[in-house]
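Enquirer: Attaching a single structure in structure tokens format; questions to follow.
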Amino acid sequence: MLIKLLTKVFGSRNDRTLRRMRKVVTMINGMEPQMEKLTDDELKAKTNEFRARLEKGEVLENLIPEAFAVVREASKRVFGMRHFDVQLLGGMVLNDRCIAEMRTGEGKTLTATLPAYLNALSGKGVHVVTVNDYLAQRDAENNRPLFEYLGLSVGINLPGMPAPAKREAYAADITYGTNNEYGFDYLRDNMAFSPEERVQRKLHYALVDEVDSILIDEARTPLIISGPAEDSSELYKRVNKIIPHLIRQEKEDSDTFQGEGHFSVDEKSRQVNLTERGLVLIEELLVQEGMMEEGESLYSPANIMLMHHVTAALRAHALFTRDVDYIVKDGEVIIVDEHTGRTMQGRRWSDGLHQAVEAKEGVDIQNENQTLASITFQNYFRLYEKLAGMTGTADTEAFEFSSIYKLDTIVVPTNRPMIRKDMPDLVYMTELDKIGAIIEDIKERTANGQPVLVGTISIEKSEVVSNELTKAGIKHNVLNAKFHANEAGIVAQAGYPAAVTIATNMAGRGTDIVLGGSWQEEIAELENPTPEQIAQIKADWKVRHDAVLASGGLHIIGTERHESRRIDNQLRGRSGRQGDAGSSRFYLSMEDALMRIFASDRVSNMMRKLGMKPGEAIEHPWVTKAIANAQRKVESRNFDIRKQLLEYDDVANDQRRAIYTQRNELLDVSDVSETIASIREDVFKVTIDAHIPPQSLEEMWDVEGLEERLKNDFDLEMPIKEWLDKEPELHEETLRERILQTAIELYQRKEEVVGAEMMRHFEKGVMLQTLDSLWKEHLAAMDYLRQGIHLRGYAQKDPKQEYKRESFSMFAAMLESLKYEVISTLSKVQVRMPEEVEAMEQQRREEAERLARMQQLSHVDDETQAAQALAAETGDRKVGRNDPCPCGSGKKYKQCHGRLS
């Protein structure tokens, strides 16, 4: 109450920020007349003038009024477009390390030119981040004339580009690319074998378009570069044959806590658990198939890999649906992005899930991969000195942006008032009733010449609606992951009178729907349009535009609510741009996933009380409120999962940064001999200590063991026993010195054979290769640790603290192994001619190139581990008595391991 009162008096933080920025807008507007008087050359010269002022120590923020005025004037001359005042506000918000919420159609692409120009003046580079390659290319080409007019270079970073082209793109003042490609380039740079192979510069300023999609929706999904692991495709096929014998358990008996099925599905956490009956049956089937011995348990340590395969196959069958979560095209399983409805070509699920889905669909099973490098978007984007983003819908996630990325969200006002009519939801008892009502609504709207956009949450649903429209004889376009090649054309013409467009998740589509259709598209279709043809096309468009406005503008139909209110808002936001007329309504049924999982009982009871009959709809504020609460529940849970993932990844992130810093220092120096000498001293001290404890009596020395160890691990034959027999005065300290000195002398002889320069090159190569090999093994070990760490919560320990402690000791052990293996390799290598070292170097380079070719890039949802981590968020929190037992038996905790506690 008090906060509301204070806000009324002083205004919200958002209002105060905009009030401060409006003063700067007034200054920019005041400069407009003098900018208009400048010649083209004088306007272009402003860029060098600004750069000179920055070099003399002027602060970037002081340049804002003049720099923005220059960009606005250049835009008028190059594009014939003048930045609105709200776009200037948006530009300032983006320069201020904030998220700018700007509604659809308010010109975010043009707004981005302002902070991009300003931050490119320092010469450190600006990365504009988009959600797909099409938008990266489109925005780069559209804005290139403006930036080049002002003397700035523009680069495009696309997948599959050769390294020199990528290096050139990153060297540009402003680079356009996708979040995935920037992240993968960062990982690849940290796997390079020479400084010349790296493509990125220091990460300076990132300007993220559709920031909610990239920093929130995709935050659960780490970027992974992986190499081939051992082939186990046959095992996936054999386990897949067993799963159809299992029956899903629909509900439990409340007295016995037993059900009829073999496995239960928790749709909220996307988990599958075997019941006791299921475990017995699956063990019998595995024994029959010869995959397990009679009397063995699936949960025994010897069967960990088999358990992994069974879990993956169960998840593939019970949780992942064709044409919803993935499509099968040309004998390949392709993931469908749940947030945007796009296919994610080349991306694969982890933990053997992708192979299990391939086995289920009967397509060729590709090998599992081993992680070589990985990073989450959260940690990648936090590497930038300066980060900002823009989207049409950020306010609902403002808390997450602030707590994780330290980014405030500022809602930028619209240029013209919003007049779209958002009608209350209509809720039906069945899916059939709902689809029937949607078809009737479309018929009525199109009869009046009103265009309709139908938003669905999966390919399957879009095809159901499409089939019903075809039966009703209504012409329409379908835009989903199967047909997105002609996406821009379909979206551009979705505002045509009486046009009907079905789209899967319109999030981040990036093309405005213009009422009356796009006249630019029509002109582009003509080879050499004459001025008369262009004038006629524009005149025809004006007639259509006015007709659509008169019919009520673009009408949006949502076929069900998404888990996130933000994605519903994005669908609504396609209508009513720039003050246009428009309307929207969501149609729901009690069979929708969101209603079934999160809101069913409450809303069903409400509907019964209100006397609902089949075919009737309910439209009531209570229902809308119940649905909003269900969405808030899901959003809160998803936020917890992302936060969990980040907290665990932060541990790995500290280690990753330490390794990558060390690796980059190694790459940048040509001589590592001092490091090698220091490491050699440490390694020999530890080795000698193991056999000759410091300050011990000679009777306690294991001389034979030391001789054997030096021979086996370092190829050094040292007659230590003989030395001690011949020289009784040789004490521990001098013996240690002699062993080390002998090792150094033998190594120097090798160096004399091949030459110092060649040896330095070889040392560096060995260090890099050993570091990469051990880091890869460490990542695999961290994965295993992470998978089981949530169980520590049941021993009253905090899993996060346990994970930190154990991963640190693993990291320390890895660094010790690194020292040992480097010295061992350098000591063992036999060289007689410089050509041999050259040949070994060539072999190493070829092996690195072979691995690079076989790398898989994955951007995979790691929900399993995140959900497990969430389940054990605090070590001293007990498992609920009615929760599924964490051992995976499928029983309730109180009926299983809960009995023991």
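Any Cβ shown, glycine's included, is placed from N, Cα and C.
The domain 'SecA family profile' annotation in TrEMBL covers 3-619. The ATP binding site annotation in TrEMBL covers Gln87, Gly105, Glu106, Gly107, Lys108, Thr109, Asp512. What TrEMBL records for 89-247 is domain 'Helicase ATP-binding'. Under the heading region 'Disordered', TrEMBL lists 864-901. What TrEMBL lists as compositional bias 'Basic residues' is 891-901.
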Enquirer: Can you give me the residues near the recorded ATP site, meaning same chain, not Gln87, Gly105, Glu106, Gly107, Lys108, Thr109, Asp512 themselves, Cβ no more than 8 Å from the center of the site's Cβ atoms?
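Expert: Residues close to the ATP site, other than Gln87, Gly105, Glu106, Gly107, Lys108, Thr109, Asp512: Met102, Thr104, Leu110, Thr111.
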Enquirer: Can you tell me how many other Cβ atoms are located within 10 Å of the Cβ belonging to Asp512 (ATP binding site)?
Expert: 17
Enquirer: What's the most sparsely packed of the binding-site residues Gln87, Thr109, counting other C-beta atoms within 10 A?
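Expert: Selected from the binding-site residues Gln87, Thr109 on minimum Cβ neighbours within 10 Å: Thr109.
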Enquirer: Over the domain 'Helicase ATP-binding' (89-247), what does the predicted model average in pLDDT?
Expert: 88
Enquirer: For Gly107 (ATP binding site), which residues in the same chain are close in space, meaning a Cβ under 8 Å from its Cβ, but six or more apart along the sequence?
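Expert: Correct list: His83, Phe84, Gln87.
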Enquirer: Between the two most separated Cα atoms in Gln87, Gly105, Glu106, Gly107, Lys108, Thr109, Asp512, the residues recorded as binding ATP, what distance in Å do you get?
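Expert: Max span of the ATP binding residues, Cα based, is 17 Å.
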Enquirer: Identify, in sequence order, the residues in the chain of Lys108 (ATP binding site) that are 6 or more apart from it along the sequence and have a CB within less than 8 Å of its CB; answer 'none' if there are none.
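Expert: Spatial neighbours, sequence-distant, of Lys108 (ATP binding site): Gly90, Ala100, Met102, Asp209, Met390, Thr391, Gly392.
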Enquirer: Taking the Cβ of Glu106 (ATP binding site) as reference, which residues of that chain separated by at least 6 in sequence fall under 8 Å from it?
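Expert: In sequence order, Val86, Gln87, Gly90, Val412, Thr414, Asn415, Arg577, Gln578 meet the Cβ cut-off.
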Enquirer: Count the other Cβ atoms sitting within 10 Å of the Cβ of Gly105 (ATP binding site), across every protein chain shown.
Expert: 21
